[in-house]
Amino acid sequence: GLSVLVGLGLCVTMLGLGCAVELGQLGQQLRRPVGLLLALLGQFVAMPLLAFLLALIFALDEVAAVAVLLCGCCPGGNLSNLMSVLVDGDMNLSIIMTASSTLLALFLMPLCLWIYSRYWINTAVVQLLPLGAVSLTLGSTLLPIGLGVLIRYRHPRAADLLVKISLWSLLVTLVILFILTGTMLGPDLLAQIPASVYAIAVLMPLAGYALGYGLATIFKMPPHCRRTVSLETGCQNVQLCTAILKLTFSPELIGSMYMFPLLYALFQSAEAGLFVLAYKMYGRDSYKQDTLGEEEDTDISYKKLKEEEVADTSYGTVTAEEHNSIQMEPTQTAL
């Protein structure tokens, strides 16, 4: 039952992601692929390296290390799109980063897993790491994404509705998974998870948000794009991670580490919520002032332009002497 729920939830999420993508936006990004580059650096350079370093620092065993690495190598999740709306981010950039990282994951996620799991290569769980099954699971997500893009192209209103449904299904699926897993397996499962894994579940999304913001700062992006890249980097596709753990590893092998992506989802949502709350309390006023300043600059430029147009056209005056006659009289300029 959990496997069916995870599979359906993943398909609905990927369908909603495809419905959020417009072909015109894809064309613009291909001409100026900043979003693609940021997704590549954030999701498949920064986050896998962060997961690997945290696994080494906290001296995780091979099972916990694989679960953490798998979550770190996942593409961006749909939660970042919802949070980007709440912090007045760049929605086009958010959607393109999520979609492009999902497509890149088909090739780069197995590669990152293979590279970073070399440290634990002599352990059974790494020797049995099903990279082919991971690629197959990733490939199966392309069908709902492509269907969503087609729906957006043919039926935009239906696509908007499906995007909302997918966002709600993301939240509902995670809550149901957490409740069902905790109910069926009991608190003994949570008690088996080491304290170091809980610490990583707290630190990893927080560090991801900071890395994303720093990455956008290096690219000299405006503040609203920095917030977007920050959320895109820290928010992982935990549904995909859960599906891979559930569908490719046996319960006896993965054990309590099946709960890690759910813990990550819990803390990434809580920390993103604090991010949104801080922005609403302290950052929104500055955002309004920046927007207001841009409008004032536009008005001033427009006024100057009008004045220049008036100065350029004042070569003569128009006088009307009779009802149907108009005469041009030259004006004399004193030198």
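Yeah, the Cβs are placed from backbone N, Cα and C, and that goes for glycine too.
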Looking at 290-312, 313-335, which one does TrEMBL call region 'Disordered'?
313-335
Contact set, same chain, for the transmembrane segment (36-59): CB under 8 Å, 6 or more residues outside the stretch
29-30, 65, 68-69, 71-76, 96-98, 100-101, 104-105, 108-109, 112, 115-116, 119, 196-197, 199-200, 203-204, 207-208, 211-212, 215-216, 219, 229, 232-233, 236
